[in-house]
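Take a look at the structure set out below.
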Amino acid sequence: MHKPEGPPEFALKETRPNIGAGAVMRDKLSCTYDLVEQMQYLYVRVVKANDLPGKDVTGGVDPYVEVKLGNYKGLTKHFEKKSNPQWNHVFAFSKERIQASVLEVVVKDKDVAVDDFVGRVMFDLNEIPKRVPPDSPLAPQWYRLEDRRGEKAKGELMLAVWMGTQADEAFPDAWHSDAATVGPEAVANIRSKVYLSPKLWYVRVNVIEAQDLVPSDKTRYPEVSVKANLGNQFLRTRASQSKTINPMWNEDLMFVAAEPFEEPLVLTAEDRVGPNKDEILGRCVIPLHNVQRRLDHKPVNTRWFNLEKHVVDEGEKKKEIRFSSRIHLRVCLEGGYHVLDESTHYSSDLRPTAKQLWKPSIGILELGIISAQGLMPMKTRDGRGSTDAYCVAKYGQKWIRTRTIVDSLGPRWNEQYIWEVFDPCTVITVGVYDNGHLHVGEKPGASKDSRIGKVRIRLSTLEADRVYTHSYPLLVLHNSGVKKMGEVHLAVRFTSLSVINMLSMYSQPLLPKMHYIHPLSVIQQDSLRHQAIQIVSMRLSRAEPPLRKEVVEHMLDVDSHMWSMRRSKANFFRITIVLGGLIAFGRWFDQICNWKNPLTTILIHILFIVLVLYPELILPTTFLYFSLIGIWNFRLRPRHPPHMDTRLSHADAAHPDELDEEFDTFPTSRSSDMIRMRYDRLRSIAGKVQTVVGDLATQGERFHNLLSWRDTRATTLFVTFCFIAALVLYVTPFQVVFLLIGFYVLRHPRFRQKHPSAPFNYFKRLPARVDTIL
């Protein structure tokens, strides 16, 4: 099948980085950290100080530590009036940028004008020990402070100094010399971090009935509905058909909830007393931690809940419990579903919520985020373009965020992460973003992390135990068109733990069984997925450092359901590619029937006669043909993972107005003339779709009218033909009939007529219901 290809600059590039995977000689680091390039760092752990001398008038000291290495300088926070401070702070200096030969650790006293010197410890870089995990961490030691002349001074400093790599456990929490321009308060925003998505549940509320409701106006028939809300989610049943004080609904409402359950489920019985006016007849509050958890399709027990009514008494709100009013519910937490927060087309996790239903893992996915090249400047700093880039990867419930490389258009991360794999038909998503939160004191929400690009890799397209090292183009669609924002360099390895278990997954349902036993409607799935994305983004944005809402929504494709003319064209183009094989076969068969190549047509006649005389060879021959095609295509198999295809996406040929429509807000913010033009264009397209759908309906109705006697003459002809054909087939061997039909279809053009055949003419003359449509 032909695959569209975009411009060369948008292509995937295979690389050969200097990583441990595949090397003949491996050190201890290569065993666990072999998908990235080794980066050497000088680590300095400042633990605490003891017995520091007083420096101000009162005899106190406000100590902090300054770690100096050449032009790089790192600072700890300072303490007020404390001679025995504890910092436990780690500094990491990249060996590539070290130009000095001496490390200087200075204790200073914070002062209003000039900070006072307390003491220092000096280290010769040539004498610093090396450490490679899994070696035990280097134990800190006490060092006596020295004055500027190198003589012993009062006070001690506990330090640990060693040379290590990014595999060191101190690496994620360290202050890096790469981020020397970032203040101590903003360091938390640049650190690497591993996040876990909250555990999501579907909450099913079956509203059955209510009893003994007390409406204020007893002279009218009540129109009662039940409004349910869980956090920011609101749903309502239809108005009960039985307009009495004992209404019935038997209606299901579905919500998404996340552990730990913070919000209760609140149900309110309301009577519609006028247009947009409801009277509250009672409400009940149900804490979710008391709700039964269901793992299969067996129904849970129903329960009656009292409805409480709030009345206003002299301006104060008090609760009046009416035991006579109650509501009948069936509430459960659905553990047998997978709560969709991603599109099913590129989900990274398909397991049910309940851990008891999980199957053992089938493999391990390892990702090495090596570097990025040629990033576009995302902001202006000191009159020049700058980017503070970090990566986010999401697979299953585990999110990872690399450290932010400050002010670099070619950042090198060299960080490696690992995930358990439970299904090979899943996708890992890697995004690159610009950190917009490096300046302390800015208003919350004043700046956002800008998207640079995103990559998806489907695990089923990867060969087991092979390391894929490629540079992926970071493509972003703007109002002006598709733009390459740079390239991200990744190393990926999928390791299978059991080939049999992995192959058996291909016969299993994609989603948990509950999705097929009690399926959710498409509208329900879209609504619940939107709620799940909001919950996940809110929880992760409250972490430290936060994974911003705009980043989570971009990773989860929150806008994938929105209308886009470009995507519609792309999907139509995909259909034509899929049907291209059938169309090519039809053209080939037409050439056979028209004897364009007589030798080929004669061979097809011989094959046809053999298969008719020996019909038991048809299925074996078909399967043998498919297997031979598969074996032949093995040498042409793709050797690289798939990546974003701009031509297939119609991103390189999209009209500017179509892109402007795609990036429009919902509801629209464009002018009325622009909306009118787009509406007319949509009507024109919809008219063509309407015509095609109508033609399909016409052919189906004609087929239905073969035996409906709508056209008595046509039906008489068809019934007579069927009766005669039945008599002929009863007395004539099936193989003879099949041979005659085949020879008729493959007859020479000399015996053909240019006008349509009689059966085709007969079918076109059958009636349809199109003439009864207004």
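Every residue gets a Cβ built from N, Cα and C, even glycine.
According to TrEMBL, the protein has these features:
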- 23-143: domain 'C2' (DOMAIN)
- 181-305: domain 'C2' (DOMAIN)
- 346-472: domain 'C2' (DOMAIN)
- 572-590: transmembrane segment (TRANSMEM)
- 602-632: transmembrane segment (TRANSMEM)
- 717-746: transmembrane segment (TRANSMEM)
Original post:
Near the transmembrane segment (717-746), which residues from the same chain, at least 6 beyond its ends, have a CB less than 8 A from one of its CBs?
Top reply: 592-593, 601, 604-605, 608-609, 612-613, 615, 706-707, 762
Subject >> Helix, strand and coil totals (DSSP H, G, I; E, B; other) for the domain 'C2' (346-472) >> reply: 7 helix, 62 strand, 58 coil
Subject >> Helix, strand and coil residues within the domain 'C2' (23-143) as assigned by DSSP >> reply: 11 helix, 52 strand, 58 coil
Original post:
What is the number of residues in the domain 'C2' (181-305) that are helix, strand and coil, as DSSP sees it?
Top reply: 10 helix, 64 strand, 51 coil
**OP:** Could you pull the average pLDDT for the domain 'C2' (23-143)?
**Re:** 83
